[in-house]
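Going by Swiss-Prot, these are the annotated features:
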COMPBIAS  123-132  compositional bias 'Basic and acidic residues'
COMPBIAS  133-145  compositional bias 'Polar residues'
MOD_RES   A2  N-acetylalanine
REGION    123-145  region 'Disordered'
MOTIF     58-69  motif 'Proline-knot'
TRANSMEM  36-56  transmembrane segment
TRANSMEM  59-79  transmembrane segment
Amino acid sequence: MAEHYGQQQQTRAPHLQLQPRAQRVVKAATAVTAGGSLLVLSGLTLAGTVIALTIATPLLVIFSPVLVPAVITIFLLGAGFLASGGFGVAALSVLSWIYRYLTGKHPPGADQLESAKTKLASKAREMKDRAEQFSQQPVAGSQTS
């Protein structure tokens, strides 16, 4: 039973065993940066909504009939809170996915990420080889001494 569990753990997170610690730290820092920026965006949206409503509501009440600004205010309030909550949920979802990826729990889409990373690395190697090959070719019309 213990052997089966150990084999299962090894097959579940092979990308973590091959990665150096520095690369995992960089991934974690990137995850925190991405999630943190989404959380900050969520907070700024909430603050902007509250400030806009604070400024706009009295003006709408003074210069419009009573029902129109009430409907507009309720719409703006709802839209602002929904956007703020949506950004917060998105940030938490991203942080959760990245945490599961870094701990080797294989979240949905991890295979696609690994495949894209492999393709990108192979294309980068191919472009490097082409650049080296191109730099070694003699330029037409140049004189050789």
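Here the Cβ of each residue, glycine as well, is placed from N, Cα and C on the backbone.
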DSSP-derived helix, strand and coil totals, residue by residue, for the compositional bias 'Basic and acidic residues' (123-132): 10 helix, 0 strand, 0 coil
Helix, strand and coil totals (DSSP H, G, I; E, B; other) for the motif 'Proline-knot' (58-69): 9 helix, 0 strand, 3 coil
